[in-house]
Amino acid sequence: MKADIKALPFNEIEEFITGLGEPRFRARQVIDWLFVKGVTSFAAMSNLPLGLRAKLDACAFIAFPEIVARQESNDGLTRKYLFRLRDGETIETVFMRRLWGRTVCVSTQVGCRMGCRFCASGLGGLARNLTAGEIYDQVLFTQKDVKERISHVVLMGMGEPFDNLASTLCFLQNITHPSGLGIGARRITVSTCGIVPGIRALARLGREFGLAVSLHAPYNALRDQLVPVNRRYPLEELIPACRDYTAATGRRVTFEYTLVAGLNDGLEAAAELVRLLKGLLCHVNLIPFNRVSERAYSAPAPEKVKLFRDFLKKHGIAVTVRREVGGEITAACGQLRRAKSREAVGKE
Ligand code: SF4
């Protein structure tokens, strides 16, 4: 069976190439072609001897994505991609042009099995995990398409990164490597719905990756409904893991809190949130619910958002309200993919 070369960490690619009887510098050339230049065939690796190109072709393949749809926001600051993978599955990637740099939001799975109640990605369940290469290529092929250097990456698209732990860790290793795109760990944020062993595995790397946790509720009873993984990793396990993460990395944790009208937007919830996060190096990002037609939740009133935010602030919690970004281009995770599948179904 041919090896999926882009799914491997760089040290294994080196072993693979030296295992073919080639000197180590050839591995560095191959890595450069694959992970910096983004070529899609061994034939295109023009500084490799023809014999090596043929040898690689015989024992490995290069998986690469194809752009099948692009949507750009009216202000030109956000662009959403739908990529088709080798097996025909599709994933979403979002490019954001901001004052501080160029960010790509990547997917880590095709679909998701976590079932967070207000998320479009979870509606169709999990189709499969992405390989490390398929995660990496979302950054590389977006960079090639926009012709601007990507400075930041967030793992906040479709899928739960820690439900695909091995590929996520391999991706983080490759994307930060100086022979790859060399994006600094501080500029990469991993977002999780709260898989505690994943948080602990990331902490063990001892690097300064950002960590964002989808909290959405300060009580187990409510969080069990909104983020079902809470039944496996309840708040009394999740919050200590986050405290340990800040101790291991020195980074503050971002808690994402989607405000849903009548569910978790009251001052009682805000007070419980203050109690839960007391003394924790963190920041709360309030996200007024972005309506997804399939779910029966609705957006909170703007004055409720303000009251909630002011309460946290008054009690010493760093808090921001996420402004609507790219609403007109269905920027909530999973929505472009679902819209495209509906289109496809409509055509059949
Ligand atoms: S919010 Fe994230 S983890 Fe939860 S269902 Fe959506 S993609 Fe999965």
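Including glycine, each Cβ sits where the backbone N, Cα and C put it.
In the three-state DSSP assignment, the secondary structure recorded for Glu92 (active site, proton acceptor) is strand. Annotated active site, proton acceptor per TrEMBL: Glu92, in sequence order.
The annotation domain 'Radical SAM core' is assigned in TrEMBL to 98-328.
Of all Cβ atoms in the protein chains displayed, 22 besides its own lie within 10 Å of the Cβ of Cys119 ([4Fe-4S] cluster binding site). Residues or ranges marked as [4Fe-4S] cluster binding site in TrEMBL: Cys112, Cys116, Cys119.
According to TrEMBL, the S-adenosyl-L-methionine binding site annotation covers Gly159, Glu160, Ser191, Ser214, Leu215, His216, Asn290. The secondary structure of Ser214 (S-adenosyl-L-methionine binding site), as reduced to three states from DSSP, is extended strand. Residues near Ser214 (S-adenosyl-L-methionine binding site) in space but far in sequence (CB under 8 A, at least 6 apart, same chain), listed by position: Cys116, Ser191, Thr192, Cys193, Gly194, Val227, Glu256, Thr258.
Residues or ranges marked as active site, S-methylcysteine intermediate in TrEMBL: Cys333.
Under the DSSP three-state reduction, Ser191 (S-adenosyl-L-methionine binding site) is assigned to strand. The distance from the Cα of His216 (S-adenosyl-L-methionine binding site) to the Cα of Cys119 ([4Fe-4S] cluster binding site) comes to 12 Å. Checking the binding-site residues Cys112, Cys116, Cys119, His216 against ligand 1 with a 6 Å cutoff on the Cβ atom leaves Cys112, Cys116, Cys119, in sequence order. Ranking the binding-site residues Ser191, Asn290 by how many Cβ atoms sit within 10 Å of each one's Cβ puts Ser191 at the top. For Glu160 (S-adenosyl-L-methionine binding site), the nearest of the recorded positions by C-alpha distance turns out to be Cys112; the candidates were Glu92, Cys112, Cys119.
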